[in-house]
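Structure, as C-alpha coordinates:
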Amino acid sequence: MVFEGFLTGEGLRVAIVAARFNELITSKLVGGANDAFRRHGVAADAVDTAWVPGAFEIPLVAEKLAKSGNYDAVITLGAVIRGATSHYDYVCNEVAKGVAGASRETGVPIIFGVLTTDSIEQAVERAGTKAGNKGYEAAVSAIEMANLLRTI
(Lines of atoms letter the chains of each structure in order from A and count residues from 1; the text may use other names and numbers.)
(Lines give C-alpha, C1' and ligand atoms only; values in the text may rest on other atoms or scores of the structure.)
Protein backbone atom coordinates (compact mmCIF):
# COMPACT_ATOMS: atom_id res chain seq x y z
CA MET A 1 0.00 0.00 0.00
CA VAL A 2 1.18 3.52 -0.79
CA PHE A 3 0.11 6.46 1.35
CA GLU A 4 0.20 9.90 -0.16
CA GLY A 5 -0.98 13.36 0.81
CA PHE A 6 -2.73 15.37 -1.85
CA LEU A 7 -2.36 19.10 -2.37
CA THR A 8 -5.96 20.12 -1.96
CA GLY A 9 -6.83 22.31 1.00
CA GLU A 10 -10.63 22.18 0.91
CA GLY A 11 -11.98 21.53 4.40
CA LEU A 12 -8.65 22.02 6.17
CA ARG A 13 -8.15 24.34 9.15
CA VAL A 14 -4.61 25.59 9.61
CA ALA A 15 -2.69 27.90 11.90
CA ILE A 16 0.38 30.00 11.29
CA VAL A 17 2.74 30.88 14.14
CA ALA A 18 4.99 33.75 13.09
CA ALA A 19 7.75 35.62 14.89
CA ARG A 20 7.59 39.42 14.91
CA PHE A 21 11.38 39.64 15.27
CA ASN A 22 12.78 40.32 11.78
CA GLU A 23 9.24 41.22 10.71
CA LEU A 24 10.50 42.61 7.41
CA ILE A 25 11.22 38.97 6.52
CA THR A 26 8.49 37.13 8.43
CA SER A 27 5.68 39.27 7.02
CA LYS A 28 6.75 38.14 3.53
CA LEU A 29 6.79 34.51 4.70
CA VAL A 30 3.27 34.87 6.12
CA GLY A 31 2.14 36.45 2.85
CA GLY A 32 3.60 33.53 0.92
CA ALA A 33 1.90 31.02 3.20
CA ASN A 34 -1.48 32.71 2.83
CA ASP A 35 -1.02 32.77 -0.95
CA ALA A 36 -0.31 29.03 -0.99
CA PHE A 37 -3.31 28.25 1.21
CA ARG A 38 -5.58 30.33 -1.04
CA ARG A 39 -4.24 28.77 -4.25
CA HIS A 40 -4.75 25.26 -2.85
CA GLY A 41 -8.33 25.81 -1.70
CA VAL A 42 -8.01 26.54 2.02
CA ALA A 43 -10.77 28.99 2.93
CA ALA A 44 -9.49 32.36 4.17
CA ASP A 45 -11.52 32.02 7.37
CA ALA A 46 -9.91 28.62 8.02
CA VAL A 47 -6.45 30.17 8.50
CA ASP A 48 -5.57 31.67 11.88
CA THR A 49 -2.31 33.51 12.58
CA ALA A 50 -0.61 33.90 15.96
CA TRP A 51 2.23 36.42 16.20
CA VAL A 52 4.86 35.74 18.85
CA PRO A 53 7.75 38.01 19.95
CA GLY A 54 10.57 35.91 18.49
CA ALA A 55 11.50 32.50 17.15
CA PHE A 56 12.20 31.07 20.61
CA GLU A 57 8.51 31.46 21.52
CA ILE A 58 7.26 29.61 18.45
CA PRO A 59 7.27 26.00 19.78
CA LEU A 60 5.10 26.73 22.83
CA VAL A 61 2.39 28.50 20.83
CA ALA A 62 2.53 25.96 18.00
CA GLU A 63 2.08 23.12 20.49
CA LYS A 64 -0.84 24.85 22.22
CA LEU A 65 -2.58 25.43 18.89
CA ALA A 66 -1.98 21.82 17.83
CA LYS A 67 -3.34 20.51 21.14
CA SER A 68 -6.50 22.60 20.78
CA GLY A 69 -7.92 20.13 18.28
CA ASN A 70 -8.98 23.00 16.02
CA TYR A 71 -6.30 22.59 13.35
CA ASP A 72 -5.27 19.97 10.82
CA ALA A 73 -1.79 21.49 10.59
CA VAL A 74 0.31 24.32 11.98
CA ILE A 75 3.16 26.10 10.23
CA THR A 76 5.91 28.01 11.98
CA LEU A 77 7.56 31.00 10.36
CA GLY A 78 10.44 33.13 11.50
CA ALA A 79 13.89 34.36 10.59
CA VAL A 80 16.95 33.75 12.74
CA ILE A 81 19.99 35.49 11.28
CA ARG A 82 23.51 34.72 12.46
CA GLY A 83 25.19 37.48 14.44
CA ALA A 84 28.50 37.89 16.23
CA THR A 85 27.60 35.68 19.23
CA SER A 86 26.58 32.06 19.76
CA HIS A 87 22.98 33.12 20.46
CA TYR A 88 22.04 32.08 16.90
CA ASP A 89 23.06 28.45 17.49
CA TYR A 90 21.07 28.14 20.71
CA VAL A 91 17.94 29.68 19.25
CA CYS A 92 18.03 27.63 16.03
CA ASN A 93 18.61 24.33 17.81
CA GLU A 94 15.94 24.87 20.45
CA VAL A 95 13.31 26.09 18.03
CA ALA A 96 13.88 23.17 15.66
CA LYS A 97 13.80 20.63 18.51
CA GLY A 98 10.76 22.27 20.05
CA VAL A 99 8.76 22.25 16.83
CA ALA A 100 9.66 18.63 16.02
CA GLY A 101 8.86 17.49 19.55
CA ALA A 102 5.51 19.28 19.59
CA SER A 103 4.54 17.68 16.29
CA ARG A 104 5.41 14.20 17.52
CA GLU A 105 3.68 14.73 20.86
CA THR A 106 0.44 16.11 19.43
CA GLY A 107 0.23 14.02 16.26
CA VAL A 108 -0.51 17.22 14.34
CA PRO A 109 1.85 18.19 11.53
CA ILE A 110 3.78 21.26 12.67
CA ILE A 111 5.86 22.43 9.75
CA PHE A 112 9.23 24.08 10.38
CA GLY A 113 9.41 27.18 8.21
CA VAL A 114 11.87 29.15 10.29
CA LEU A 115 14.70 30.56 8.20
CA THR A 116 18.17 30.06 9.68
CA THR A 117 20.53 32.15 7.61
CA ASP A 118 24.01 33.59 7.78
CA SER A 119 22.94 37.01 6.49
CA ILE A 120 19.98 39.29 6.00
CA GLU A 121 20.50 38.92 2.24
CA GLN A 122 19.99 35.15 2.45
CA ALA A 123 16.82 35.67 4.47
CA VAL A 124 15.45 38.17 1.94
CA GLU A 125 16.19 35.71 -0.89
CA ARG A 126 14.19 32.99 0.88
CA ALA A 127 11.26 35.29 1.63
CA GLY A 128 10.16 35.72 -1.94
CA THR A 129 13.01 36.79 -4.18
CA LYS A 130 15.70 34.55 -5.74
CA ALA A 131 15.17 31.41 -3.66
CA GLY A 132 11.37 31.40 -3.71
CA ASN A 133 9.21 31.90 -0.64
CA LYS A 134 9.76 29.42 2.19
CA GLY A 135 6.43 30.45 3.74
CA TYR A 136 4.69 29.27 0.58
CA GLU A 137 6.63 26.01 0.69
CA ALA A 138 5.76 25.46 4.37
CA ALA A 139 2.06 25.93 3.62
CA VAL A 140 2.17 23.40 0.78
CA SER A 141 3.92 20.92 3.10
CA ALA A 142 1.22 21.50 5.73
CA ILE A 143 -1.54 20.72 3.23
CA GLU A 144 0.22 17.57 2.05
CA MET A 145 0.94 16.33 5.58
CA ALA A 146 -2.59 17.02 6.84
CA ASN A 147 -4.02 15.02 3.95
CA LEU A 148 -1.43 12.26 4.34
CA LEU A 149 -2.28 11.77 8.01
CA ARG A 150 -5.97 11.50 7.10
CA THR A 151 -5.17 8.50 4.88
CA ILE A 152 -3.04 6.55 7.35
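Using the three backbone atoms N, Cα and C, a Cβ is placed for every residue, glycine included.
Database features (Swiss-Prot):
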- Phe21, Ala55, Phe56, Glu57, Ala79, Val80, Ile81, Phe112: 5-amino-6-(D-ribitylamino)uracil binding site (BINDING)
- Ala84, Thr85, Arg126: (2S)-2-hydroxy-3-oxobutyl phosphate binding site (BINDING)
- His87: active site, proton donor (ACT_SITE)
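Each residue contributes its Cα atom, and for Ala84 ((2S)-2-hydroxy-3-oxobutyl phosphate binding site) and Phe21 (5-amino-6-(D-ribitylamino)uracil binding site) these two points are 17 Å apart. Spacing of Ala79 (5-amino-6-(D-ribitylamino)uracil binding site) relative to Arg126 ((2S)-2-hydroxy-3-oxobutyl phosphate binding site) is 10 Å (Cα to Cα, whole number). DSSP gives Val80 (5-amino-6-(D-ribitylamino)uracil binding site) a strand state. Here the candidates are the recorded positions Thr85, His87, Arg126, and by Cα distance the one nearest Glu57 (5-amino-6-(D-ribitylamino)uracil binding site) turns out to be His87. Taking the C-alpha positions, the distance from Arg126 ((2S)-2-hydroxy-3-oxobutyl phosphate binding site) to Ile81 (5-amino-6-(D-ribitylamino)uracil binding site) comes to 12 Å. When other Cβ atoms within 10 Å of the Cβ of Phe56 (5-amino-6-(D-ribitylamino)uracil binding site) are tallied across all protein chains shown, the result is 19. Note: Val80 (5-amino-6-(D-ribitylamino)uracil binding site) has non-local neighbours Asn22, Ala55, Tyr88, Val91, Cys92, Val95, Val114, Leu115, Thr116, Thr117, i.e. same-chain residues 6+ apart with C-beta under 8 A of its own C-beta. In the three-state DSSP scheme, Ala55 (5-amino-6-(D-ribitylamino)uracil binding site) falls into the helix class. Per-site Cβ counts within 10 Å over the binding-site residues Ile81, Ala84 peak at Ile81. With every protein chain in view, the residue among the recorded positions His87, Arg126 whose Cβ has the most Cβ partners within 10 Å turns out to be Arg126. In the structure as shown, the Cβ atom of Glu57 (5-amino-6-(D-ribitylamino)uracil binding site) sits within 10 Å of 19 other Cβ atoms. Cα-Cα distance from Phe56 (5-amino-6-(D-ribitylamino)uracil binding site) to Thr85 ((2S)-2-hydroxy-3-oxobutyl phosphate binding site): 16 Å (rounded to the nearest whole number). The Cβ of Ala79 (5-amino-6-(D-ribitylamino)uracil binding site) has 28 other Cβ atoms within 10 Å, all protein chains considered.
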